[in-house]
């Protein structure tokens, strides 16, 4: 016997996902697979899917937080596409990022041009004071 075999072998540690190692909720492994299958580049580095998953998770959290605020402002407990639309269009940076995106069932932002509003007369100005 050469002493090789199953005796004294190392105990294998429990598998830990790359998402949990990075402290993310989004799937790093899936993002890596999609980057490889998408023919974006011949090779994909180990850090690229972690970074991309982190960016996607941050953007999602930001949009959901603003949409949740919009839902609460409308006295609703469920986020609907209208709340997503209001959240994105009222935020300057998100609106710039998603400017060309159409959200189904999102509606439009309420907006009335100033020239179309009724003009204030002298009697109305006196009443308001």
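Glycine is no exception: its Cβ is also placed from the backbone N, Cα and C atoms.
Here is what Swiss-Prot records for this protein:
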- 7-19: compositional bias 'Basic residues' (COMPBIAS)
- 6: N6-acetyllysine (MOD_RES)
- 10: N6-lactoyllysine (MOD_RES)
- 10: N6-acetyllysine (MOD_RES)
- 105: N5-methylglutamine (MOD_RES)
- 121: phosphothreonine (MOD_RES)
- 1-22: region 'Disordered' (REGION)
Within-chain partners of the compositional bias 'Basic residues' (7-19) [C-beta distance under 8 Å, separation at least 6 from its ends]: 25-29, 32, 49-50, 53
Spatial neighbours of residue 105 (N5-methylglutamine) that are distant in sequence (at least 6 apart) but have CB under 8 A: 80, 81, 82
Distance [Cα-Cα, Å, rounded] between residue 121 (phosphothreonine) and the residue listed as 'N6-lactoyllysine': 88
Structural state census, the compositional bias 'Basic residues' (7-19) (DSSP three-state): 2 helix, 0 strand, 11 coil
Under 8 Å by Cβ from residue 10 (N6-lactoyllysine), counting only residues of that chain that are 6 or more apart: none
